[in-house]
Amino acid sequence: MKLVSWNVNGLRACVTKGFNDYFEASGADIVCVQETKLQTGQIILDLGEEYTQYWNYAIKKGYSGTAIFTRIKPRSVRYGMEEDEEAEGRIITLEFDTFYLVNVYTPNAKRDLARLDYRLEWEDRFRNYLQQLDAHKPVIICGDLNVAHQEIDLKNPKSNRNNSGFTPEERGKMTTLLDAGFIDTFRHFYPEREEAYSWWSYMAKVRERNIGWRIDYFLVSSRLNTVLIDAGIDHEVIGSDHCPITLVLEDINNGL
């Protein structure tokens with residue numbers, strides 16, 4: 001079973017830069033995208049009849065938003081963590097027979113850290129939500145988590161130490177999440193791999209010189225460690241300031 005996650009930074013723009021070609025070539029069973037920046041009806045994707053599409057739109061135009069395209073039929077779908085809080089379209093949860101899949105676009109603390117307190121409070125609620133799911137079935141979490149967890153996860157850790165996405169508070173929340181019973185699948189397979197990034201600034205030649213951050217993740221419940229096959233970063237794929245990431249695991253939908 002193959003899953004893909006990609007922050008497309010505007011799906012309409014990404015479609016003009018090869019999204020459909022990548023989608024078809026990936027052969028993925030499930031594709032999760034973040035930061036679609038869409039409202040209802042602004043795009044019609046022809047992904048074939050085998051894929052069911054689930055969309056969570058932000059109320060604010062041109063902002064946030066998530067979607068999942070799956071050829072494995074879920075038992076149920078849920079938008080957001082709580083019924084009254086999902087104005088930014090950040091979370092979609094699909095329940096399958098033997099696992100949950102959570103697609104997430106974590107709030108950015110902003111360059112001046114104006115949203116840091118909100119983000120930290122959001123992180124606590126999100127972790128509690130995942131633990132509630134995990135009590136029933138194992139969970140696969142994917143998306144743009146807007147944090148480089150360790151120094152190995154960005155090119156210039158010293159100069160970014162207190163910047164958004166690499167503050168001690170944000171990194172600490174990521175540690176707490178993993179300690180709650182989840183695995184960073186890329187580091188599970190490649191604990192010491194350097195210069196493996198999923199996001200680059202649009203500034204001139206930054207991506208060409210690979211001055212990046214790894215802020216996109218597949219996390220899984222610890223008890224899924226025996227069914228993991230590989231995790232990857234498709235760094236050569238252009239179309240967004242992020243690149244797609246992948247997870248391959250045994251077909252757990254037919255039983256664990």
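Placed from the backbone N, Cα and C atoms, the Cβ positions cover glycine too.
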Per TrEMBL, E35, D144, N146, D241, H242 bind Mg(2+); matching candidate in N7, N103, N210 = N7
Please work out the number of neighbouring Cβ atoms within 10 Å of the Cβ of D241 (Mg(2+) binding site), leaving out its own Cβ.
-> 18
Give the distance between the Cα atoms of E35 (Mg(2+) binding site) and D216 (site 'Important for catalytic activity'), rounded to the nearest whole Å.
-> 12
Give the number of CB atoms, excluding that of D144 (Mg(2+) binding site) itself, located within 10 Å of its CB.
-> 26
If one measures from the C-alpha of Y105 (active site) to the C-alpha of D144 (Mg(2+) binding site), what distance in angstrom results, rounded to a whole number?
-> 5
DSSP output for Y105 (active site) maps to strand
